[in-house]
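Trainee: So TrEMBL lists the following for this protein:
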ACT_SITE  GLU259  active site
BINDING   HIS258, HIS262  Zn(2+) binding site
REGION    271-298  region 'Disordered'
SIGNAL    1-37  signal peptide
Amino acid sequence: MTTAKSKAPLSSASAKTLTNMWCFLVVISLIVVSSDADSGSFIDDHHRHCSHRHPRAHEVVHGVHVEPAHIVKKRSINQQLRILLHYDDSVYRLDDRKFELINNTILPEAVHFWERALMVRETRGTIRLNRKCESTQVFVKDNLTHCIDTCKSETMCGEVVVPEEHLDACRICNKAGLNCRVEPGSVPGSGIDGADFVFYVSAMSTERCKKGLTVAYAAHCQQEAALDRPIAGHANLCPESISTKSQELETLLSTVKHEILHALGFSASRVPEEPRPASRLSTKRCKRTSGASRRSAR
Ligand SMILES: *[C@@H]1O[C@H](CO)[C@@H](O)[C@H](O)[C@H]1NC(C)=O
Ligand SMILES: *[C@@H]1O[C@H](CO)[C@@H](O)[C@H](O)[C@H]1NC(C)=O
């Protein structure tokens, strides 16, 4: 892991990428927010790992239809980001002290931090995430994504199984891209209202947790169609690494804030430099554990 400090302002190139991707209005609000952020809170201990890797192509679902692009694009960027938290069962299996710390202190503070910091174009439609397909190829018809013949029985976001009520109906076409329809018997879930982003949180002791001193990892998993912005993401908090010691609270909080940034889609391979408008933000760079070939191709 490298810990890179930089006072460089947001470069125009990275600002442009950011605008394309999220249409965030970050600068003014971050300066306000940073005044109540502990100045040391973004510099993690050197021995802590953030093992972020950019999600692989097959891990990200594109083209989630929420609202038509011509309507969304007219809205101004004047609404605070609204994040809906969804816990995997593994979070409820944490011991009581860890659950309380995560549920009552760490997640509310970390989520609220980014909700206050980031402004977006409001999502007025109901979010229903796309189902994953068995094949890597999909068809897009009437701006809706269709699987070939069948959808996967479960759609994952990171380690988390997306609940049926968050999913759209299964749409399919035949191998030739014809006879496109909703799979008979498949119904859309009730969906998510009043949020711009769904954040799935798990607390599983996975292989990745066991590598090095990984505390947590995160990435986005679905992007919506009109603005191509991430609309769902996940983080896994490695249970053994959650410390309830009060002297480690700030470190845990800054780690979770950092992971939420990855869940929102900020990643070294999407944005040349992670956003650091207030210069204190993101003083840490993540170690990349894969994606080398993609990077060398850039
Ligand atoms: C978890 O957090 C939510 C929202 O802050 C709260 O309503 C709920 O009571 C908490 N659960 C427990 C078991 O503390
Ligand atoms: C699909 O999206 C394009 C671009 O956003 C839009 O111009 C077109 O009207 C949409 N088509 C349908 C059938 O919604």
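Cβ coordinates come from backbone N, Cα and C, glycine included.
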Trainee: Just counting, how many other CB atoms are there within 10 A of the CB of HIS258 (Zn(2+) binding site)?
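Mentor: That number is 27.
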Trainee: Once the DSSP letters are reduced so that anything not helix or strand counts as coil, what is HIS262 (Zn(2+) binding site)?
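Mentor: In the DSSP reduction, HIS262 (Zn(2+) binding site) maps to helix.
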Trainee: What's the number of neighbouring CB atoms sitting within 10 A of the CB on HIS262 (Zn(2+) binding site)?
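Mentor: Step by step: centre on the Cβ of HIS262 (Zn(2+) binding site), count other Cβ atoms within 10 Å, giving 25.
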